[in-house]
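These notes concern the structure reproduced below.
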Amino acid sequence: MSERAEARGPAFRRRRTTIVGGGAVSAKQVNGNKRHNAGEKPPQHPAKTKPAAEPSKHASHNGRLYREEDSSGKQQQELGTGPKTPKSAVEDINARLSCHVLQESLLSSASGYSNYRGILNWCVVMLMLSNARLFLENIIKYGILVDPIQVVSLFLKDPYSWPAACLIIASNVFILSALYLERRLAVGTVSETAGWILHIFNLTCMLIFPSATVLTVTSMTPVGGVISLGIYTVLFLKLYSYQDSNRWCREIRQARAKRLTRSYSCKWVTLTIVYVYMIYTNLFTSRVLFNMYYFVFAPTLCYQLNFPRSPRVRKRFLMRRLFEMLLTIKVIFQWMVPTIQNSMKPFQVCILFIVSAVPNHLIWLLFFYWFFHSSMNFVAELLQFGDREFYRDWWNSESVTYFWANWNIPVHKWCLRHFYKPMLKRGTNKFLAQTAVFLVSAFFHEYLVSIPLKMFRLWAFMGMMAQVPLAWFVGRYLNGNYGNAAVWMSLIIGQPIAVLMYVHDYYVIHHSSTE
């Protein structure tokens, strides 16, 4: 080779290709393979080498070519943002001819598509537009039915005319009694058997005293009775969990002496017991009232020694929840009062059921959002309570048991911790334990409805117990979307039936003699 040709460098050298194993390989690569076999190093040209991250074509030792290209480069080329690589004629023809792939429609269940946020927003907009006319007609026909200024002025004018408020204030007697009893049990001045009997007596009085007051005081309204009995029921569940959890701590404290004598391998168990004992004794020596009333006002029914706390109070979040609470109360009462007034016609029950089923269900949904999302998050944010799981995705329930386990998480945790699991530990059958949980729930549902209305019809009790065979039927014969539809039908139809039965009986008892 001449000196002039070498001065031009490798950029002007003409490559020739040879066919090896059906592929085209450059002479430079063949020479490289020969040098590699002979133990020589190929000539290096640092100025002309390509970066390693850039996609390129390589040849294997057997002569076959393959192309390395990452997925991000493909996406950039498809979007037109990345560097375009020239396509071969075969690839271009294939891209023109084949435009179909094997795939399902998005609305088909086999597609696996689940992002329906736009459809959900469309449903919300249509719901708001369809009910805007009804809401305006309601205000024009009935006026503003809830005036907060009149309510506050009435309470400040004569606070003793509200027996429900006085009954709620009296609940502090039972709270302080449980606290004093636990302090005596902590120091050992009261035996475990006597303490358990006194706790049962205190809890029983919490159910009897408010119900007797509601039934005997004539000025007690049904709404006031429901609110007061609901607060006493919540306190009953809280104090039961309070004494149960403290009893577990005392059992750990008693087991501490036995476990301290074990080998060094059980040292972590001993340290855990000592830590629990220190927290337990600290709760009964400092800030006793603060810890007790923090649990009373916290949005939970299960007591524990230390609750998870959020780092700070978010003021914007707090204001949004407060606005939602006030607005939802306004909407609920604006719809509820005319519905109750129109329900006082016992001879049109069938027509009334068809007309009021959807409004009743919407009121129930609004109440769920107001209580479980707005109100409980407001209280949790105010108290910096960290556990905000008050509900799960009950709207996706494909069985009745899944719905009851996920729509009210505080009650579900209480039943699971203090009722269901203890029964299983005692050897009770799983089905019998589930039936017992529904039985307790049915009792409290009837307790919160029959006593404020001062009539006993057991509609709520039978409605809750009917969930047991319904749960068995849906779980056995209905799956997927059919099970979810059955749960929604039970919510839309079942609740209006129970409400209308109580409204009909209440009208017959209190208003039939006046006509």
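The backbone N, Cα and C atoms fix where each Cβ goes, glycine too.
Not measured: the values here are computed from a predicted model.
Ranges compared are 118-142, 193-217, and TrEMBL records transmembrane segment for 193-217.
Nonlocal intrachain contacts for the transmembrane segment (160-181), taken as residues 6+ away from its ends with a CB within less than 8 angstroms of a stretch CB, comprise 190, 195, 198-199, 202, 205-206, 209-210, 213-214, 217, 219-221, 224-225, 227-228, 231-232, 235, 239, 242-243, 288-289, 292-293, 296. Within its own chain, the transmembrane segment (431-450) is flanked in space by residues 207, 211, 226, 229-230, 233, 401, 404, 411, 415, 419-420, 423-424, 456-465, 467-468, 502, which lie at least six positions past its ends and keep a Cβ under 8 Å from the stretch.
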